[in-house]
Amino acid sequence: MPEDLQIDELNSPKRTVQLDASRPEHKNKRSYAAGATVQILLFSILACKVKQNAPRCHTYLEIIYARYGSLTHWIFIFFALLTNVLVGSQLLLGGSAVVTSLTGMNVYAAIFLIPLGVCVYVVLGGLRATFLCDYSHTLILMIIILYFLFSAYATNPQIGSPKAMYDLLKDAALARPVAGNQSGSYVTLKSNFALVFGIIQLCSGSGTVFLDQAYWQRAIASRPTTAVRAYILGGMAWFAIPFGFATTLGLAAVALTDKPTFPTYPNTMTQAQVTAGLAAPFAASALLGTGGAVAILIVLFMAVTSCASAELIAVSSILTFDVYKTYIRPSADPKHLITVAHVNICVFGLAMAVFACIWNAIGIDLGWLFLVMGLLIGGAVFPAAFAVTWRGQTKAGAISGALTGLGAGLLAWLVTAHQYYGELSITTTGMEYPTLAGNLAAIMTGLIVTTSVSLARPQTFDWETTRAINARMVTSPSTSLSEKMDEKDKEQLPTVKDEEKETQQDFLVEENPSSLRHAFKVAWFLYCMGKQNTSDKPL
């Protein structure tokens, strides 16, 4: 989905190249693409349930507040904002590294300038602007991906065909074999580190999807009858972006490393360059020269503005509705809340840049944050999902699951890093096995604890409580725009009738949540089928 476009475009190619001569690795591109798709398919179930059980909420945290009260609400506000800070930091760290590499701009200047323009158009256009931006920018991104694809595999004299790419990758495997891959190959599906990374991606991606308000706000804003279809189709279409970038620019970076046109020639890319997300821009520059660098900058601008705008709106919604309106000024009118939301957009834009500067100053890059993110937020994944889907989850179960998951993730991460590598540093804590242990411990502990505690003292929640969220603010669509117009105006504007019909249908669905049960079953079935298909194929 749009929130992850820029992260995936910088991450997926780097999964295809070696990190350095002393620690060669290969992250299977299919693991990354499949892992990024599964969570979106699963979220289609939550999109349906939020329409069933809380059709008028502004954020998923309002559901948690209505079910469990203030303490649980604040705990999940922490996890939600932590998710947004980590995702926003990855956007700016990866984006600024590419801009600095291709243009020579000061990295800190790039970090602050990137969110500046985004804040301006989000304040002026709001959520509608982010939707229009998502659509138009994604269209441009797909065109550029196809441009790179056909250039690498059809027209470029350095590669020019799939056979030439295969031959270059065979030569690269002889010169720089990949540890953990069959015969050191770059084109094998048998890759130990691909499996490890696939699990990390699944855990980390689940956190960024289930806890990021940016995903929830799209489900909340969509029509009840189309929300499930939108996420299912989006999840299926999403596979093409990381897979296409990796099989084009990721493999091209490996194939062209020994060519004089490659920016690091005669050296290979360093670990720092790869984890900073520079595989894609280096490959684009080697393939197409200045034109490739410009195309990557366009991709970067399109993706980072689309992603950052979603994060800004998400945090603004949380701070406005879950903090300001809930605890500071409950009687605030909509006009005042809009002003507060605009201020919060600017505040988080600045905060996002400050956090990115801090990470950069202490030597933390995009790759480290991506691997570690899941163990920090994974404990809250299942408690947050159960808050919308399972009436049996209790307050104690939600709190204990989230907090013990966080504690278990941190403990497993640090203990494994020290046990494997003998020290705790940015390098050792960013390795695969410590982050794998932390991610699995966090998400599985959260699931086990929240389920066990809830079943130990079972309760049955009445969804009418969450269905009543903001109900007093909603009126029947009987006083629609068309009733204020005469018949002549209606004939001249037939779209008014269509809009009224859709509004009436949405209102009826909100009043009768049982009508969405079929959509829920379809979403669950397609998710299970998609997960089965991805798990059946070897890595």
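A Cβ is built for glycine as well, from the same backbone N, Cα and C atoms used for every other residue.
Summarising the annotation, TrEMBL assigns transmembrane segment to 32-50 (among others).
Residues or ranges marked as transmembrane segment in TrEMBL: 71-93 (among others).
The transmembrane segment annotation in TrEMBL covers 105-127 (among others).
Summarising the annotation, TrEMBL assigns transmembrane segment to 139-156 (among others).
Among the features that TrEMBL reports, transmembrane segment is placed at 193-211 (among others).
TrEMBL lists 231-256 (among others) with the feature transmembrane segment.
Marked as transmembrane segment by TrEMBL: 337-362 (among others).
The transmembrane segment feature in TrEMBL is assigned to 368-390 (among others).
Long-range contacts of the transmembrane segment (397-416) within the same chain: residues 64, 68, 71-72, 75-76, 79, 372, 374-384, 386-387, 424, 429, 433-435, 437-443, 445-447, 449-454, each at least 6 residues beyond the stretch ends and with a Cβ under 8 Å from a Cβ of the stretch. Here TrEMBL flags 397-416 (among others) as transmembrane segment.
The transmembrane segment feature in TrEMBL is assigned to 436-456 (among others).
The region 'Disordered' feature in TrEMBL is assigned to 475-506.
If you look up TrEMBL, you'll see 483-504 marked as compositional bias 'Basic and acidic residues'.
Sequence-distant contacts of the transmembrane segment (71-93) (same chain, six or more residues past either end, CB-CB distance under 8 Å): 3-4, 6-7, 61, 64-65, 111, 114-115, 207-208, 211-214, 276, 304, 307-308, 311, 314-315, 318, 322-323, 326, 348, 351-353, 355-356, 359-360, 364-366, 369-370, 373, 376-377, 380, 383-384, 395, 398-399, 402-403. Remote same-chain residues near the transmembrane segment (105-127) are listed as 91-93, 95-97, 99, 133, 217, 221, 304-305, 308-309, 312-313, 342, 345-346, 349-350, 352-353, 356-357, 360 (criterion: CB distance under 8 Å, separation of at least six residues from the stretch ends).
Within the chain carrying the transmembrane segment (139-156), a Cβ under 8 angstroms from the stretch's Cβ atoms is held by residues 5, 9, 162, 165, 240-241, 244-245, 247-249, 251-252, 284, 287-288, 292, 295, 298-299, 302-303, all 6 or more beyond its ends.
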